[in-house]
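Trainee: Take this structure first; my questions come after.
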Amino acid sequence: MGLTSQLIPTLVCLLALTSTFVHGHNFNITIKEIIKMLNILTARNDSCMELTVKDVFTAPKNTSDKEIFCRAATVLRQIYTHNCSNRYLRGLYRNLSSMANKTCSMNEIKKSTLKDFLERLKVIMQKKYYRH
């Protein structure tokens, strides 16, 4: 009985550490996938890259990453209505949504091209990857 009561706290601590490691590992994999998709998308020169989208990256400095990812995912979801739905945009949307708030405000007035939007998102994700 004495040995079991000593093992329980140790096992709980190990379980907590393992789940933190797995979450961090999955997070890095998601960021790597996003960067890979962004590299592929920004190398393309099709008409979809010239679409005008909201510039969600002009948000105030104190905006959280989850809020920025939510806004970026919202922009990507809106692109689907322009017949630009390809597997990389869908995958990018799915991965960003998994890292984002469920809802967010979209008050941006400034606009940019989809290509510029994706380039800026790539820089943000690369910084996040190297920080993490």
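Cβ from N, Cα, C; glycine included.
Here the structure is a predicted model, which means the values were calculated and not measured.
As listed in Swiss-Prot for this protein:
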type     : residues     : note
SIGNAL   : 1-24         : signal peptide
CARBOHYD : Asn28        : N-linked glycosylation site
CARBOHYD : Asn45        : N-linked glycosylation site
DISULFID : Cys48-Cys84  : disulfide bond
CARBOHYD : Asn62        : N-linked glycosylation site
DISULFID : Cys70-Cys104 : disulfide bond
CARBOHYD : Asn83        : N-linked glycosylation site
CARBOHYD : Asn95        : N-linked glycosylation site
CARBOHYD : Asn101       : N-linked glycosylation site
Trainee: Using a 10 angstroms cut-off on Cβ to Cβ distances, just flag whichever of Asn45, Asn95 is the loneliest among these glycosylation sites.
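Mentor: If we count Cβ atoms within 10 Å for the glycosylation sites Asn45, Asn95, the smallest count is at Asn45.
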Trainee: Roughly how many Å lie between the Cα atoms of Cys70 (disulfide bond) and Cys84 (disulfide bond), rounded to a whole value?
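Mentor: About 20 Å separate the Cα atoms of these two residues.
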Trainee: Sort the recorded positions Asn28, Asn62, Asn95, Asn101, Cys104 by C-alpha distance from Asn45 (N-linked glycosylation site) and give me just the closest.
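Mentor: Checked the recorded positions Asn28, Asn62, Asn95, Asn101, Cys104; minimum Cα distance to Asn45 (N-linked glycosylation site) goes to Asn95.
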Trainee: Between Cys104 (disulfide bond) and Asn62 (N-linked glycosylation site), find the distance joining the two CA atoms and give it rounded to the nearest Å.
Mentor: 15
Trainee: According to DSSP, collapsed to three classes, what secondary structure does Cys84 (disulfide bond) have?
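Mentor: In three-state terms, Cys84 (disulfide bond) counts as coil.
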Trainee: Validating a neighbour-count step here. Other CB atoms within 10 A of the CB of Cys48 (disulfide bond): how many?
Mentor: 18
Trainee: Spatially, which candidate from the recorded positions Cys48, Cys84, Asn95, Asn101 is nearest to Asn28 (N-linked glycosylation site), comparing Cα atoms?
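Mentor: Comparing Cα positions, the candidate nearest Asn28 (N-linked glycosylation site) turns out to be Asn95.
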Trainee: What's the CA to CA span in angstrom from Asn101 (N-linked glycosylation site) over to Asn95 (N-linked glycosylation site)?
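Mentor: Between the Cα atoms of Asn101 (N-linked glycosylation site) and Asn95 (N-linked glycosylation site), the distance comes to 12 Å.
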